[in-house]
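Asker: This is the feature table in TrEMBL:
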DOMAIN    44-494  domain 'Major facilitator superfamily (MFS) profile'
TRANSMEM  40-62  transmembrane segment
TRANSMEM  82-99  transmembrane segment
TRANSMEM  111-129  transmembrane segment
TRANSMEM  135-155  transmembrane segment
TRANSMEM  167-185  transmembrane segment
TRANSMEM  197-220  transmembrane segment
TRANSMEM  338-356  transmembrane segment
TRANSMEM  368-391  transmembrane segment
TRANSMEM  398-418  transmembrane segment
TRANSMEM  472-490  transmembrane segment
Amino acid sequence: MKMSPERRGAEGKEEGSGMASAALSEAGAVQPRNKGNFKYAFTCALCASMATIVLGYDVGVMSGASLYIKRDLQITDVQLEIMMGILSVYALIGSFLGARTSDWVGRRVTVVFAAAIFTTGSLLMGFAVNYAMLMVGRFVTGIGVGYAIMVAPVYTAEVSPASARGFLTSFTEVFINVGILLGYVSNYAFARLPLHLSWRVMLGIGAVPSALVALMVFGMPESPRWLVMKGRLADARAVLAKTSDTPEEAVERLDQIKAAAGIPRDLDGDVVVMHKTKGGQEKQVWKELIFSPNPAMRRILLAALGIHFFQQATGSDSVVLYSPRVFQSAGITGDNHLLGATCAMGVMKTLFILVATFQLDRVGRRPLLLTSTAGMLACLIGLGTGLTVVGRHPDAKVPWAIGLCIVSILAYVSFFSIGLGPLTSVYTSEVFPLRVRALGFALGASCNRVTSAAVSMSFLSLSKAITIGGSFFLYAGIAAIGWIFFFTFIPETRGLPLEEIGKLFGMTDTAVEAQDTATKDKAKVVEMN
């Protein structure tokens, strides 16, 4: 149904009034936040982010279960390294599949897929009778992890208001840490079972939280940005009305999303049809992001890939996955003491991730990132020093070196959790424009998983080659390079609407550029009743 010129003019005035109200708010006028809407957005982010608990649980539980798997299945260190690290390679596949699935069927359904796949993988590992079947379970689990780490942050960023986006998007890292802690607790709780049962129960019980996540997600709405991409404006408007701080912000967010999707501002039907151009929208997305990006898009991609690379290359997986071995190298002996120390590390990670969650939208992304990386650098130097001293005195305990190792590990995971840990998913979910966001995040997650696989699959061999202390000195050098990269290439995004962040990287007008490109080259929009 076509709108009359009078109606369009009236709506144009209303839109202008909404924009003016938003401008006044930015200038300093205070509009009260709708607490009910914030609670709704909070609940949506909470449910979606719980999908990432599967990655955390796997990382945490494997650190202890690997001790018993090696004894029970009589596998070598090389087989153990492959088993520990191969999940990240499989997650690489899952993240790309998740990107395609989330653009095809929606972000919410993709979260259900992630939970269902991980549940299946957990059961396969729990009932594994040999190393080969265990590796099949690792493959299925890795696909589920890839789905989860890609879709959860994207959904949360797209449903969150700008004023609380950092807080809500950091939930993904919160639940990764909760999952790690649950994995450590599972290790400690089931370590006293018979050898052939202990590790199988540890791995199999991971199916429970993922199954619960799949059930909870059915109560979530779909992402408003995905709904607009599919032309479902009425549904998107309803979701934005429930998740925005004010009605004016809901109108403004819808206008920005429509512009980014290539829908003219004055087209305001309930449903519109997006006609893809010859060659398909997917090819255009790949061209825009990978094969022929403009300078601004290249800077966005560099920032996203860089932050994912340095999150893993600074040794976080080596500390978490191999924590019992690291503590053992530091002079702690006995399974109970090793697993107890590991649980203490998990508690520290979880507590400090909560600190970051409440500071992201107050302090900002950049200060926390730089502080976190600098602290990790100092801790890695301390850990490398302590382990080197302990390694040179194998027949005698050196109390100060053991204490330095323990303090450095706990401080390292704390610094990681206040910045580089949660900020990686938060920042990547923010910086990409709507039309390439799913693929962009998948690329970032893939870089993350490849780097994680390289680190976790080489740690034992690297420790033998240059000593375990030398390994952490190497990670310290990478952390120093990472700090320089963050200082140079990572701008502050706190408080900005998603559609405006591109300007920080050199896009002159993200919304207008997206509208012109999409309208002229990508799509034709037809209004329907």
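From the backbone N, Cα and C atoms, a Cβ is placed for every residue, glycine too.
TrEMBL annotations: computationally assigned, not manually curated.
What's the neighbourhood like for these features in this structure?
Answerer: Counting same-chain residues at least six beyond the ends of the transmembrane segment (82-99), those with a Cβ under 8 angstroms from any Cβ of the stretch are 55, 58, 62, 66, 69, 75, 110, 113-114, 117, 131, 134-135, 138-139, 141-151, 321-322, 438-439, 441-442, 445-446, 449-450, 452-458.
Long-range contacts of the transmembrane segment (135-155) within its own chain (CB-CB distance under 8 A, at least 6 residues past either end) are made by residues 44, 48-49, 51-52, 54-55, 58, 83, 86-99, 101-102, 107-108, 110-111, 113-126, 128, 169, 172, 203, 210, 223, 425-426, 428-429, 437-438, 441-442, 445, 448-449.
Packing against the transmembrane segment (197-220) from elsewhere in the chain are residues 44, 47-48, 50-51, 53-54, 57-58, 61, 64-65, 68-69, 72, 108, 111-112, 115-116, 118-120, 122-123, 125-128, 137, 144, 179, 182-183, 186-187, 190-191: each is 6 or more residues past its ends and has a CB under 8 Å from a CB in it.
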Asker: Sort out the residues at least 6 away from either end of the transmembrane segment (338-356), same chain, that have Cβ-Cβ distances under 8 Å to it, and list them.
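Answerer: Long-range Cβ neighbours of the transmembrane segment (338-356): 60, 63-64, 170, 173-174, 177-178, 180-181, 183-185, 187-188, 191, 319-320, 323-324, 327-328, 332, 368, 406, 409-410, 413-419, 421-423.
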Asker: Across the domain 'Major facilitator superfamily (MFS) profile' (44-494), what does the mean pLDDT come to, as a whole number?
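Answerer: So the average pLDDT across the domain 'Major facilitator superfamily (MFS) profile' (44-494) works out to 86.
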Asker: Run the contact check on the transmembrane segment (472-490) against the transmembrane segment (368-391): 3 or more C-beta pairs under 8 Å, excluding pairs closer than 6 in sequence.
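Answerer: Judged by the Cβ rule, the two regions touch, with the required three close pairs present.
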Asker: Residue list, the transmembrane segment (40-62) vs rest of chain: Cβ under 8 Å, 6 or more residues beyond ends.
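Answerer: Those are 84, 87, 91, 107-108, 111, 114-115, 118, 141, 144-145, 147-149, 151-153, 155-156, 159-161, 164, 168-169, 171-184, 186-187, 202-203, 206, 209-210, 213, 216-217, 219-221, 242-243, 317, 320-321, 346, in sequence order.
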